[in-house]
Each structure stands twice: as structure tokens, then as C-alpha cells.
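S.K.: This is the structure, below, for whatever I ask next.
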Amino acid sequence: MGFADLLNDVGGFGRFQWIHVTLLSIPGLLMASQNLLNNFTAGMPGHHCTIPNRTSIASKLLRAFIPMDASGTKLSKCTRYVEAQWHLLESNVSVIGHQANFSELETEICLDGWTYDKSEFLSTVVSEWDLVCTLRPMKQMSQTIYMGGVLAGAVIFGGLSDRFGRKALLIWSYFQLATLGTCTAFSPSFMTYCIFRFMTGMAVSGVILNTVSLKVEWIPTMSRTLVGTLSSFFFTFGQMVLAGIAHSLRDWRKLQMAVCAPFFLFFLYSWWYSESARWLVLNRRSDEALKHIHRVARINGKPEMVEKITVEVRELAGVQRRIQSSKTTHTAYDLIRTTVMRRISLCLMVVWFSTSFAYYGLAMDLQKFGVNIYLIQIIFGLVDFPAKLVALGSLTFLGRRITQGTCLLMSALMIFTNIFVPTDMQSIRTTLACLGKAFTSASFTCIYLFTGELYPTVIRQTGMGFTSTMARVGSMAAPAVLILEEMLPALPSIIYGGAAVVAGIIAFFLPETLNIPLPDTVEDVEEKWAKKNVGAEKLAKKEAVALQEMKKGAVEGDGEITGLNAL
């Protein structure tokens, strides 16, 4: 008997679990807003050099002040004529003739700043601080800085929550995200904005990691797949919520405030959560664990279990053995110290990196699709629903390992196929990109559940933080790879798809966790998934002994025959 049996005794997936999971999942509606916010707050509006001494100018007259770009089809965004070229407005002046004389007309950089088109965005950090032309890379840098914060948070909060508890760190993460996220909306400079975004990213990691553990550690074994998948729909629906909020506000400061201020509410009601009883017991706080278990029993309508479940019962159930085995301090080194844990950690690092790498490579530059940015965000959210439903069926009947590997390989297939589609077939390219993003999103759903089930309670958060740091590295690297388009347009897709193929193959080397109770200690992990190896070793030893006995018998038999012949 273990925690899985105790959870069944106090009601299984009862009223408490429904309330607990729902309250933990609601903030997920705005977690997508945090990760994909840069698409809107740092959107790149149409722009051209400001014309001095003119407050406004008709678009038809711009050609007299702004040269055409290298393609000859659009106005330049970074240069202007030193003097107005009114003759270019004449109808008999062709674009070809204009291009031929382009080098003869004197131009200059935008000395008076830029004028921005406000039809799509009223205000973004790009228009606020003129992050265009030579400063254009600063837009991507702001997202990289944010993802750096998410990475740092995964390392810091992962270890702290294994030491101080899931609930305490989750409450703090809500407060940090609400406070610093709101402060970001009042940033007086781009540097201040980046600092606040970095610290907000740290809080996002704390929320995600501790939410996953609190869900998994209070849910019976048979309910984990369904709950894990349905919870991910909050994140999916949140992508469409983000599009709606961004479209209605169109101002980056108001949008920033709108997606961060609600976390003050989440902070207030988070005190209702129950700390993980698994974690409490394994940290020698049995009395507190007992109180939480009694509370769950009462909420689930099982008051009679309050009298039956005592510390002595749990000790008889074998929990005390786990307490004794967990008295040593656990560190990140335990993730690679033993054979099975090392295999799990190395495989998960690759899978986390590639999933995030491909996901953000597709989802973080929506303007490249040539479709209304708000519409494409909604489409990207919608395609996740059928993909996750398919993933739910696969997770339930085929298991985690097959689902994880297949999702990554299918994502790679979509990315590679897109390489061979002509650029003028934009609708097909967008469709394939949406499908690729859907499969990577399903892969994310699986990897969060899979990782929580593979790592033991004593270092579950440390493991989640350690492996998910690779996801943050992937999300930071994804925008940088897009720079390689200048060398070879297909190169970024080749890299994204190649990484997904490698991770898809490696995913098949992970142990299967379908319908298996959560491990509590490192020893549990080694016992659960080293059994096949141990069985093979025992069989090999038995075969070796049998062979030795056969040889011995053969030698003795030969001796007897030789003796008889001598007689």
C-alpha cells in the first residue's frame, strides 16, 4: 500500500481533486499570453522615415520623399531623400526608370525618427523605442532575455520547491509574476523593460513547474493522463484569449497590464491549495501530511476515513521506509548518479530542447505568414485542440513513449514538407506550419506529464527544472536560427526538423509510465525500470551456471569412459 492506495481510500478523483485541478489550471489561460506576448507587445508595425516639417502626409505623396526598397515594390523603411523628388509623382515616371536613377538621388538615414502605421498596432515596444533598422535585432533580443529568465527560474525554483514545498513556491511565483509583470507596463526605458521581462520569466517557470507537480501528486494513477491532457487545453484556449485581448487593446502597455494583473487574484486564492502530502511525508513532516489527507477526505465526502487514516497506518503501509531512505540530502547530481536516472535525464534533455526549439521556431514570428496576426494566432490555437485530443487517445491506449516519439517525428515531417512548397503557395505553407505547431504542442502536453511521472517525488521539481532548462535553451536558440535564412532560406527548417527527428528517436529509449504509480525515491526508479536489466542479468547468470555444470558433467563423463577403456 502506498500513496496511490491512500488517494483511492479518501475518494480517488473526487470533489477536492476537481476543485484543486480547476483552480490550478485557470492561470494557464494567461500562461500562453506570457510566452507568446512578444508577438504583440513587440509587433513590427509598418514604418517609414519621418518627413521634417510635415505633421502628416498623404500616402500617395510619400514617393517624393521616400525611395523604394531593393525589391522595387515597397517604400524603404530606413532611408529618405535629402530633398523632395516631386518629379517622381508624375504618371509617366516608371518604377524601372526610378530604379535606374536610384543611385543618382541623394538619400540619408532617418534623422528625425520614424512614422508608424497604426492600423494593426496602436503602440508596441518597437514604436515606443524605435527598435527598427539598425536596432531591429533588439526586438528578438527582448524575447531571448525573457526566455533567459524562464531558464533561470527553472533552475532556481525547481530546486527551491523540492526544499521548501510546492505550494509556498507557487504562491510566491504568482505574486512575483503579478507584481513585476504589472511593473513592466510602466517601464520608462527599453533596458528597464528587459529587466522586468527577465524576472517575469523566472516567475513563469515557478508557476508552470509547481502547478504540474501539485496536480500530479494529488491525482490517482488512472486519472493522470486525462487530467494532464485536459489541463493543457487551458493553455491552448489561452492562445485565443491572447489574440482577443491584443486585438481589443492594441497598446502594449495596456496589454501587458491585462495579462499580468489577474495573477493578483490567483495569488489570493492560492492559499486554499493543499501542499503535496507526498512531499511532506518524504521531508519528515508526517503530521502536516496527515492533516492535508484528512482535509481531502472530508471534502471528498469520506469523513469516516479521517479516523482510520493515522500515522501508524501509513507506517505499516511502508511510507516510513521511504522516509528513512530519503533522509540524505538530494541534489541535481542524483539525476545522473544512477544508471536509470542518468538515461532518463539525458533523453529528457534532448526531447525538451527539440520540442521547444521547433515550437517557438514556428510560433514566435507570426508576421512572416502574411496573414492578419490576430487571425493567425487564433488559428494556431484552434489546431491544438484536435491534436491534443488525438494525443489523449494515444497517451491512454498506446502509452507515453510512443506518443512522445510520434508527435516529434510528425512535426519534423510537416517542417520538412514545407521546404519543398513554393513560397507563392502561402496558404499551403501556413497550413503545414499550423500542423507542425499542433504536433509540437501535443509533444509539450506529453512531455510535461511524462517528466512528472518519470522523476521521483524527492527530486521531482529538481528534475523538472533541470530538464526544462533545455526547453528554455531551445526557445532562446529558435529565433537566432532564423538569421540563417539569409544564407539559405531552407536552412532554419532543416535545423528545426532535424532536431525533432533526433528527439523523436531518442524518446523511444525512455521507460513507459502508463498506469504505473508515481515513484517516490531514486531507489523506486531504479527498481521499477531496471527490472528488465536485472532479469536479463539473472538469466545470464543461470545460463552461465548451467553451462558450467554441463561442462563439469561432460568432463566427469569423459573420465569415466577413459577409465573403463583402460580396464
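Each residue, glycine too, has its Cβ placed from N, Cα and C.
Whatever TrEMBL says is automated annotation, not expert-curated.
Okay, so TrEMBL annotates it like this:
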DOMAIN    92-515  domain 'Major facilitator superfamily (MFS) profile'
TRANSMEM  144-161  transmembrane segment
TRANSMEM  168-189  transmembrane segment
TRANSMEM  195-214  transmembrane segment
TRANSMEM  226-249  transmembrane segment
TRANSMEM  255-274  transmembrane segment
TRANSMEM  344-362  transmembrane segment
TRANSMEM  374-398  transmembrane segment
TRANSMEM  405-422  transmembrane segment
TRANSMEM  490-510  transmembrane segment
S.K.: So which of 144-161, 226-249, 344-362, 490-510 is most in touch with the transmembrane segment (405-422), counting Cβ pairs under 8 Å?
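M.R.: Comparing 144-161, 226-249, 344-362, 490-510: 490-510 has the most Cβ pairs near the transmembrane segment (405-422).
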S.K.: Just to confirm my parser: what is the rounded mean pLDDT across the domain 'Major facilitator superfamily (MFS) profile' (92-515)?
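M.R.: Over the domain 'Major facilitator superfamily (MFS) profile' (92-515), the predicted model scores a mean pLDDT of 82.
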S.K.: By Cβ distance under 8 Å, which residues at least 6 away from the ends of the transmembrane segment (144-161) in the same chain are close to it?
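M.R.: Sequence-remote neighbours of the transmembrane segment (144-161) are 35, 38, 168-170, 173, 194, 197-206, 209-210, 213, 332, 360, 461-466, 468-469, 471-473, 475-476, 479-480.
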